[in-house]
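> This structure is in structure tokens; I'll ask about it shortly.
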Amino acid sequence: MTARGTPSRFLQSVLHNGVGRYVCQLKRISLIFSKKGQGSLGVRDFIEEGVVDFAKNNSGTVVYISPQSCRIPKIVAEYLNGNVKEETVTNKTSQEIAELITKLSNQSGLDIIRIRKPFHTDSPSIQGQWHPFTNRPLSIDPVGPQAK
Amino acid sequence: MAACRALVSRAVLPLHYHHVCRGVMLTHIREKKRWMKAYTLIMERKRKMEGPPPPKPRSQQPNFDYHAEVEAFSARLQESFSLELLKTAFVNVCYLRSEEERRRALGLDLETTTLNLKDNGELCVHGQQFTKAFLSDWCRGSFPSLPQEGVAAIVGHLTGSEVMCHVARNLAVEDLTMSAEFPVPDEILQGTFFAVIGALEQSSGSVRAGLFIRDFLVTQLIVKDLFDMWKVVDPMGLLVKELTCKGIALPEPRLIRSAGASTVLPLYFVGLYSDRKLLAQGPGETVLAAEEEAARVALRKLYGFTENRRPWDYTAPHEQLQKPSAQALTSE
């Protein structure tokens with residue numbers, strides 16, 4: 001749809017992350033898959049090979065593995081700001097799931113919507129924001145065109 | 001339908017018939033279900049009548065292991081907490097009371113089932129004192145000319161329940177808090193966060209706890225203006241007091257610029273001159289408002305709390321407040 005019809009936000013970080021120390025924003029990741037279904041094959045392979053390394057490298061994230069009888073395997077990622085993101089991983093390979101999980105762990109939990117400006121600053125002006133009275137000579141008389 | 005009613009009145013349903021409620025009879029068939037639409041509409045009506053379900057704490061939802069979560073909390077913040085202190089920090093008095101009442105209501109024998117949990121009262125008090133002391137020292141160190149009321153106002157704002165609860169919720173402290181009610185009330189959450197800081201100080205020492213407070217509470221000052229946190233009723237009087245203490249001449253307000261005096265949005269700039277040199281100028285809709293704003297701008301300049309001041313350096317470990325130690329502290 002148009003930019004006005006879809007939600008948008010400004011570039012921001014949760015709790016000024018990175019100014020002090022960097023805190024990984026992913027707090028919990030749950031792998032929901034089926035033990036026998038063919039859509040969960042990639043998830044099962046990932047659990048055999050890659051999940052333990054991921055958990056060791058990201059010690060701030062809790063990894064939950066829950067085999068259930070489900071038709072579609074899911075990855076549920078919960079972030080520190082409370083957002084929950086669910087991705088279905090039916091028929092994905094183990095490599096793709098690994099990339100998806102690294103992508104989820106690098107995101108902050110903020111919504112993936114249009115970002116209005118790709119920059120943000122907390123101190124937009126050093127010498128003072130310009131206004132029409134800057135650099136004009138002082139006078140009590142009402143404002144008029146300056147004599148050159 | 002007549003056959004169904006005959007079946008119901010006999011009070012014995014054959015195998016594939018299932019009585020859901022007064023208007024809906026489920027039949028287990030392979031094709032398109034005739035009962036599905038009525039059933040869905042009844043469930044929708046029920047949901048609309050009851051409203052949304054009450055929020056459940058994360059610990060009561062599936063996939064939650066308390067010990068793992070506490071370890072991950074400690075690892076995520078790059079701090080090494082002692083786990084028993086941290087677990088004690090999350091237990092509140094109201095939780096202990098409600099647990100004991102629940103056990104008594106269930107009829108369990110009190111001697112065999114006493115809770116072995118200590119509550120976080122001491123840690124909370126300890127953490128609160130440490131946080132307030134650290135923040136006051138930090139404020140006085142980075143804004144040396146700010147008076148005592150200003151320091152108290154800034155520290156009060158940072159340790160007030162709004163800022164503390166905002167930080168606590170975004171650090172996942174609310175998930176781990178054990179309290180009687182859910183959603184956790186603000187005072188209890190604030191107390192739990194103080195207790196976590198107290199636990200950190202007792203586990204890793206005051207330097208690490210100071211760095212933690214700097215990284216999470218001092219950053220909340222980033223876009224704030226001084227007079228949002230410190231309510232000053234008479235800025236001109238305060239400015240006069242400050243200047244007399246410093247021995248500088250008293251400020252004289254002069255109208256510098258005016259525009260649109262007869263319109264609905266007039267603009268006046270008033271400058272404050274002490275000894276014929278400009279201290280500060282401020283805009284306003286009336287001359288009095290402009291004078292007050294000019295006094296506020298002058299106070300911000302005096303205290304060094306302007307918008308374009310040099311930002312606090314978060315990379316260096318804070319040696320300004322502690323004696324610089326011989327061992328190299330790793331920078332955060």
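Counting begins at 1 with the first residue displayed.
In case you wondered, yes, glycine gets a Cβ from its N, Cα and C as well.
Per TrEMBL, the features are:
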DOMAIN    A:35-108  domain 'Ribosomal protein/NADH dehydrogenase'
REGION    A:124-148  region 'Disordered'
> When DSSP states are grouped into helix, strand and coil, how many residues of the region 'Disordered' (A:124-148) land in each?
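Across the region 'Disordered' (A:124-148), DSSP assigns the residues as follows: 0 helix, 0 strand, 25 coil.
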> How many helix, strand and coil residues does the domain 'Ribosomal protein/NADH dehydrogenase' (A:35-108) contain under DSSP?
29 helix, 17 strand, 28 coil
> Calculate the per-residue pLDDT averaged over the domain 'Ribosomal protein/NADH dehydrogenase' (A:35-108) and state the result as an integer.
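On average, pLDDT over the domain 'Ribosomal protein/NADH dehydrogenase' (A:35-108) sits at 96.
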